[in-house]
Amino acid sequence: MGNEASYHSEMGTHFDHDEIKRLGRSFKKMDLDKSGSLSVDEFMSLPELQQNPLVGRVIDIFDTDGNGEVDFREFIVGTSQFSVKGDEEQKLRFAFRIYDMDNDGFISNGELFQVLKMMVGNNLKDWQLQQLVDKSILVLDKDGDGRISFEEFRDVVRTMEIHKKLVVFVDHGQED
């Protein structure tokens, strides 16, 4: 896994030396097969993630090299986006990327449907969900191109102060 402390300066994360060391210990605990990277199953071993329908999308975003697993560098960079010291724009971009599944800079009708389907499961019929998606696109799509840009997303979500809820705290408690 390398020297965890060097990641702060190398990658410009929002974590200090001690936080990176603590995250390194957490990463090692999660890395059940000791491969040096985290699979979806290893992420799902965390009770707080087991019920999160979007954990797969979060892993996709953390996994910048696209190999299906999250190594320590990807873990630190990804987690840093949720640091209390992280900025609003970074948090909003992360939230936008949850929906922008093809990473083209826009949320399409189909992408919004897929992500909302992950969240609601079978609680809504597909036609009901599609109505919700269509109405959402109509409201959010200010330029009328049929899709939601980051700017359109940001303008709406910023007023909800979602970025203040997208925070992770690194435990400063006693050593294990």
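For all residues, glycine too, the Cβ spot is worked out from N, Cα and C.
Residues or ranges marked as domain 'EF-hand 1' in Swiss-Prot (evidence: sequence analysis): 18-53. The DSSP breakdown of the domain 'EF-hand 1' (18-53), given as helix, strand and coil counts, is 21 helix, 2 strand, 13 coil.
Here Swiss-Prot flags Asp31, Asp33, Ser35, Ser37, Glu42 as Ca(2+) 1 binding site. Around the Cβ of Ser35 (Ca(2+) 1 binding site), the same chain contributes Glu69, each under 8 angstroms and 6 or more positions distant in sequence.
Among the features that Swiss-Prot reports, domain 'EF-hand 2' is placed at 57-85. Applying DSSP to the domain 'EF-hand 2' (57-85) sorts its residues as follows: 15 helix, 3 strand, 11 coil.
Taking the Cβ of Asp65 (Ca(2+) 2 binding site) as reference, residues of its chain lying under 8 Å away and at least six apart in sequence are, in sequence order, Asp71, Glu74. Positions annotated as Ca(2+) 2 binding site by Swiss-Prot: Asp63, Asp65, Asn67, Glu69, Glu74.
Swiss-Prot lists 87-122 with the feature domain 'EF-hand 3', giving sequence analysis as the kind of evidence. Only residues 6 or more beyond the boundaries of the domain 'EF-hand 3' (87-122), in the same chain, are considered here, and those with a CB under 8 A from a CB of the stretch are 53-54, 56-58, 61, 81, 129-130, 132-134, 136-137, 146-150, 153-154, 157-158, 162-163, 166.
Residues annotated as Ca(2+) 3 binding site in Swiss-Prot, with sequence analysis given as evidence: Asp100, Asp102, Asp104, Glu111. For Asp104 (Ca(2+) 3 binding site), the Cβ neighbour count at a 10 Å cut-off comes to 10, with all displayed protein chains included. DSSP classifies Asp104 (Ca(2+) 3 binding site) as coil under the three-state reduction.
Under the DSSP three-state reduction, Met118 (site 'Interaction with PxVP motif in substrates of the catalytic subunit') is assigned to helix. Counting only residues at least six positions away in the same chain, the Cβ atoms of Pro53, Leu54, Gly56, Arg57 sit under 8 Å from the Cβ of Met118 (site 'Interaction with PxVP motif in substrates of the catalytic subunit'). Here Swiss-Prot flags Met118 (among others) as site 'Interaction with PxVP motif in substrates of the catalytic subunit', drawing on similarity to another entry.
Other Cβ atoms within 10 Å of the Cβ of Asn122 (site 'Interaction with PxVP motif in substrates of the catalytic subunit'), summed over all protein chains shown, number 7. For Asn122 (among others), the entry in Swiss-Prot reads site 'Interaction with PxVP motif in substrates of the catalytic subunit', with the evidence type similarity to another entry.
Per Swiss-Prot, domain 'EF-hand 4' is recorded for 128-163. Summarising model confidence by region, the domain 'EF-hand 4' (128-163) averages a pLDDT of 88.
What Swiss-Prot records for 131-136 is region 'Calcineurin A binding'. Counting same-chain residues at least six beyond the ends of the region 'Calcineurin A binding' (131-136), those with a Cβ under 8 angstroms from any Cβ of the stretch are 109, 112-113, 116, 124.
Per Swiss-Prot, Ca(2+) 4 binding site is recorded for Asp141, Asp143, Asp145, Arg147, Glu152, and the stated evidence type is sequence analysis. According to its DSSP assignment, Asp141 (Ca(2+) 4 binding site) is coil. Within the same chain, residues at least 6 positions away in sequence whose Cβ sits under 8 Å from that of Asp141 (Ca(2+) 4 binding site) are Arg147, Ile148, Glu152.
Each of the binding-site residues Asp31, Asp100, Asp145, Glu152 was scored by the other Cβ atoms within 10 Å of its Cβ; the lowest score goes to Asp145. When secondary structure is read from DSSP and collapsed to three states, Glu111 (Ca(2+) 3 binding site) falls in the helix class. Long-range C-beta contacts of Asp63 (Ca(2+) 2 binding site), restricted to its own chain and to partners at least six residues apart, with a cutoff below 8 Å, comprise Glu69, Val70, Glu74. Annotated Ca(2+) 3 site Asp100, Asp102, Asp104, Glu111; additional same-chain residues within 8 Å of its Cβ mean position, judged by their own Cβ, are Tyr99, Met101, Asn103, Gly105, Phe106, Ile107, Ser108. Take the mean position of the Cβ atoms of Asp31, Asp33, Ser35, Ser37, Glu42, the recorded Ca(2+) 1 site; other residues of that chain with a Cβ within 8 Å of it are Met30, Leu32, Lys34, Gly36, Leu38, Ser39, Glu69. Neighbour counts of Cβ atoms within 10 Å were compared for the binding-site residues Asp33, Glu111, Asp143, and the top value is held by Glu111.
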